[in-house]
């Protein structure tokens, strides 16, 4: 059996290592699946992020067929403000627009995690409320100039410099970083338990 993380994210790699520490000799490899992340018509944010996590796990499985009995973990994170998705910014101006919209407001971070072994798939969704302090245009410009926002949903990283903007969080910190630890541990255990009953 081989655990596989369908993500190249160093943040998710670190979090998965934490989530699996209670599993005997927990080790995993990483693959980088490429999927179409377009939102479907009328798809809710929660349905969208859950679908992407499942599709990443399934695409990761396709890249892991050479491994013995792969179990693949996929995850996706989105930021939702006023019902609108804030994905990764397309350019610095887009990052500035997103950060301006988040300034002084509370938004929802949704992270879905999914595990598949090809025969079954399990998933969980975690929602966390994050409040930003009010940001000046200078704050935003300096932050965008660091480059940190460019590969992150909502144009900020709570575990990095962007954490300076967070005034309050209600929910899972690790989920905002990219992989909810409690939910991931539960899925790892559930997948192991199902295998034991076969």
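Glycine residues also receive a Cβ, built from the backbone N, Cα and C atoms like all the rest.
Annotation comment: Swiss-Prot describes 76 as active site, proton acceptor. Sequence annotations record features per position, and here Swiss-Prot assigns site 'Important for substrate specificity' to 11, 77, 159 based on sequence analysis.
Feature map: Swiss-Prot annotations on the structure.
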residue: 11; record: site 'Important for substrate specificity'; Cβ contacts under 8 Å, 6 or more apart: 159, 177, 178, 179
residue: 76; record: active site, proton acceptor; Cβ contacts under 8 Å, 6 or more apart: 37, 49, 52, 53, 56, 111, 112
residue: 77; record: site 'Important for substrate specificity'; Cβ contacts under 8 Å, 6 or more apart: 49, 109, 110, 111, 153, 175, 176, 178
Around the Cβ of residue 159 (site 'Important for substrate specificity'), the count of other Cβ atoms that are within 10 Å: 16
Where residue 77 (site 'Important for substrate specificity') sits in the secondary structure, as DSSP reduces it to three classes: strand
